[in-house]
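Student: Sending over a structure as C-alpha cells; questions will come in a sec.
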C-alpha cells in the first residue's frame, strides 16, 4: 500500500472567536451604541429625556458584564506582561498631543489675524465634486450624506469597546496589547502630522475661524515680519530673495509683542504668542489651541477613524468592520463638505493611518503564533528526537515532545496574588470609566469639530 502523504504544516491562524462573538454580539453592541446616540441627538427630541438614563444604563450594563467576566478571564498573565507597553505607549501619546498642541497654537498665530482675514481658502476639487453631487443626487441621499451619524468620540468609544471585548474572547488578548498598539500608532501619526503642518502653513477652509476663536494681534510675529512678510506677494522681491538666498528687505515697524513672565516656561512665549486679552497662563493657551485655525495637514479626526477601523478589521472582522469603513468614508466627505479640512487632508490621513497600522504589528497581532512557535521548537529538537527514536528511549521522546508543546504556551510568570490585584484594578477602572463616560463623550465631541 502507498504511504499516506504527510500533512503540510499550516500557517499561523487568526484568533478563533467565542460563539457569542461569532454570532455578531460585539458588532450588534457597537451598532446599538452608535445608533442610539444618533437617534438621541438628531432624530427625536423625546430621546433627550430618556438618554440621561439610557446611555449610562447601556455603559453600566457593559461595565458590569466586564466585571462579572473578569474573574474567569484566562489571560491575565498576558495582560500583565502587556501593561508596561501600554503605559509606555500612553506616555508617548500624551507627549505627542502636547507637542501637537504647542505647534497648533504657533501656526495659528504666527502670521497674525490680518493674514487669516485676507487669505482665501485653497481651491478644493473635492468640495466642488460634493456640491455638484448635491445638484444631481436625490434629496434623501444628500440628507444622508449630510447627517452627522458618527463623530470623534464614537470612534474612541468603539475602540474601547473592542479592547474590553478581549475579556469575552471576542478578540485575541491581551486587550492591553491592542490598546498599546493603538496608542503607539496614534502617537506616531500625531507626530508625523505635526511635522507636516509645521513645514508649510496653509490657509483655513474657514476664513472666519481665527477671528472667532483667538484674540491674536493683526500683525505677524517678528519671525514672520523678517522672513515672510517682505517676500509674500511682490514678484520682484521673491525673485531677488531667491537670487541672493538671504533676507535683505527692510522690516517695517510693528507694535511690540506681549511677553508675560512664565518662569521656566518662558521659552514658550515666542511660540504661543500670548496676548493680554487671552490671559497669562501658558497652560490656558495650550488648552485653547484645540484644532487651530490654519489647515492642519492631515486630518487628526480621520486618523482616529482609520485606526479604529483598522483595529476592528484585524481583531474582529465581520460585517461590523465593513460598516465602520463605510462610516469612515462618510466622515471623510463630511469633513470636506463642512470645510473642517481640505480633501487632501482626508485622503492623506486615510493612507497614512492604514500604513502606520500595518507597520506596528510587532506590538500586537491577531495572528495566533503558538503553532509557529511549536514548529520552530520542533525544528530545533528534531535531530534529538530521531536519535531518541532510534534508541527506543521513550522517556527522552516524551520529554522532547513536552518541550515542543510548552513552546506554544504562554509563560506563567506572576503569582495569583499579583494577578488578583491587577484584575481587581482593571474592574475598578472599568466601573470608573462607565461613570465618567458621558462627560468624556461631551469633551471629545467638542474636540471633533476642531480636528
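Keep in mind that glycine also has a Cβ here, set from the backbone N, Cα and C atoms.
Nobody curates TrEMBL annotations by hand; they come from automatic prediction.
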Student: May I ask you to indicate which of 37-55, 56-74 is given in TrEMBL as transmembrane segment?
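Tutor: It is 56-74 that TrEMBL describes as transmembrane segment.
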Student: Give the range, chosen from 3-19, 20-36, that TrEMBL lists as transmembrane segment.
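Tutor: Range annotated as transmembrane segment by TrEMBL: 20-36.
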Student: Tell me which of 112-131, 132-151, 152-171 corresponds to the transmembrane segment entry in TrEMBL.
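Tutor: In TrEMBL, the transmembrane segment feature sits at 152-171.
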Student: Can you check how the pLDDT averages out over the domain 'Sphingomyelin synthase-like' (292-359)?
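Tutor: Value for the domain 'Sphingomyelin synthase-like' (292-359), mean pLDDT as a whole number: 93.
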Student: Please list, for the domain 'Sphingomyelin synthase-like' (292-359), how many residues fall into helix, strand and coil according to DSSP.
Tutor: 53 helix, 2 strand, 13 coil
Student: Let me spell it out: take the transmembrane segment (86-107), skip the flanking residues so only those 6+ beyond its ends count, and list any with a Cβ under 8 Å from a Cβ in it.
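Tutor: That would be 176-177, 179-184, 186-188, 190-191, 193-194, 197-198, 201, 268, 271-273, 285-292, 294, 296, 300, 363.
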